[in-house]
Amino acid sequence: MSDSIFALASAPGRGGVQVIRLSGPDAGATLGHLTGRPLPPPRQATLASLREPGSGEVIDKGLVLWFPGPASFTGEDVAELHLHGGRAVLSAVTDALTTLGLRVAEPGEFSRRAFENGKLDLTEAEAIADLVDAETAAQRRQALRQLDGDLGRLYDGWRTRLTRALAHLEADIDFPEEDLPGGLSDAVRPVVEGLAAEIGAHLADNSRGERLRDGISIAILGAPNAGKSSLLNAIARRDVAIVSNTAGTTRDVIEVHLDLGGYPVLLADTAGLREAAEAIEAEGIRRALDRASRADLKLLVFDGSRWPLLDPATLALLDEDALPVLNKADLAAHPAEPVVGGRPALPVSAATGQGLPALLSALGSEVERRYAPSGAPALTRARHRSALEDCRDSLLRALSAPLPELAAEDIRLATRALGRITGRVDVEELLDVIFRDFCIGK
Ligand SMILES: Nc1nc2c(ncn2[C@@H]2O[C@H](COP(=O)(O)OP(=O)(O)OP(=O)(O)O)[C@@H](O)[C@H]2O)c(=O)[nH]1
Ligand SMILES: [K+]
Ligand SMILES: [Mg+2]
């Protein structure tokens, strides 16, 4: 049986209200002790004075709630204290709860207890962390959907189908009716083929869910003095990067977080590309090219005042992930609808702001086109991706296994890989890693 824990569930510091959550077998007795009254009706906010256990002095007056298990967040008896938000109140309540034998919760311990009591699967527990961390609307929607169990249901559905196929296969092994040339019977093979294809499609989703969770990376690239840092500052509406007319001003990669129509974006300014004279600038250019190769999208900035001259090092980066931009449109040396490397380029001016709304909307629709949620729930974590890759590899091995016994072992491995995602099998060693990332009180 677990011990009883408590933690501040709201953000620490001064505020109108702070919420302290208690969970475990002593939650009810502790609430009774603090209020000096019988437990209030379940799930109803009741005004009460909380008193220090020794002196009986009133600590604070507030609302208390009582959630008897198992119909509670953790599945255990839970109580909530909604008190005035401040340090002195928190420290007095902490002393009182500790005196009464409760312990301060570890990070993520409430969610972990909810998982262990079958209230949440692992994908739902992870969704709580994502929802709390969500900074944009699209992130919030994705986390909420996962919290509703969409992802867990998808994976559990696959696992059920595999378990059935395995039962079929084991019957084929025990009571062979025909010689199975490829290891799998006609009843089992299409199921395994179908699942391998579905999982393959889920994996090949352009990492939509992971991008939405972690942020979409956009790199600004171009020749020295093309106006990359000016453009970063104009888009961020802040003076983030140093701008000067000295070529080679920027060396380090400079990042800003943006909310682009609900999508989280990490926009990076980089060193101007050229055959560098000295070591520090050369290192900056190496970092710029490294960033270019890892970015989801590239904003290629050309100096429009030099039209029709186009920097060859920047042109070399033009591919389907690149959006060409002609900066310094205020100097108006280029045509109204310029074409760069066979592609229409957007004229902008970081100096006057001209063309910026069009650039932001072009970037926004490109992000939307690539990362908008599709009908199916999205894969959101590297942990899920690697388990799904293991699963699909095992299924592909099963399809080419020469003997039914070998195919059965591969399908068993595939089933376990799926079970690891939702926490249905051997995840003990994973739990510490997953819940450690939570903050205290969740
Ligand atoms: N007229 C005009 N000048 C600009 C514009 N954008 C940038 N500049 C000027 O161009 C010069 C270089 O701008 P930066 O933003 O430092 O250029 P950069 O591409 O970051 O340069 P490096 O960091 O050296 O690679 C500065 O003097 C800017 O004021 C623009 O749209 N119009
Ligand atoms: K510069
Ligand atoms: Mg710069």
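Note that Cβ sites are derived from N, Cα and C of the backbone, with glycine treated the same way.
What TrEMBL says about this protein:
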type: BINDING; residues: ARG21, GLU80, LYS119, LYS442; note: (6S)-5-formyl-5,6,7,8-tetrahydrofolate binding site
type: DOMAIN; residues: 215-368; note: domain 'TrmE-type G'
type: BINDING; residues: 225-230, 244-250, 269-272, 327-330; note: GTP binding site
type: BINDING; residues: SER229, THR250; note: Mg(2+) binding site
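Structure with TrEMBL features highlighted.
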residue	record	Cβ within 10 Å
ARG21	(6S)-5-formyl-5,6,7,8-tetrahydrofolate binding site	24
GLU80	(6S)-5-formyl-5,6,7,8-tetrahydrofolate binding site	22
LYS119	(6S)-5-formyl-5,6,7,8-tetrahydrofolate binding site	19
ASN225	GTP binding site	22
LYS228	GTP binding site	32
SER244	GTP binding site	11
ALA247	GTP binding site	12
ALA271	GTP binding site	28
LYS328	GTP binding site	26
LYS442	(6S)-5-formyl-5,6,7,8-tetrahydrofolate binding site	23
When distances run from the Cα of LYS228 (GTP binding site) to each of the binding-site residues ARG21, GLU80, LYS442, the nearest one: LYS442
Average pLDDT across the domain 'TrmE-type G' (215-368), rounded to a whole number: 95
Binding-site residues compared (SER229, THR250) - highest count of Cβ atoms within 10 Å: SER229
Secondary structure at ALA271 (GTP binding site), reduced by DSSP to three states: coil
Among ARG21, GLU80, LYS119, LYS228, ALA271, the binding-site residues whose C-beta sits under 6 Å from ligand 2: none
For (6S)-5-formyl-5,6,7,8-tetrahydrofolate: widest Cα to Cα gap among ARG21, GLU80, LYS119, LYS442 in Å: 18
Of ARG21, ASN225, LYS228, THR250, LYS328, binding-site residues neighbouring ligand 1, Cβ under 6 A: ASN225, LYS228, THR250, LYS328
Binding-site residues near ligand 3 among LYS119, SER229, SER244, ALA271, LYS442 (Cβ under 6 Å): SER229
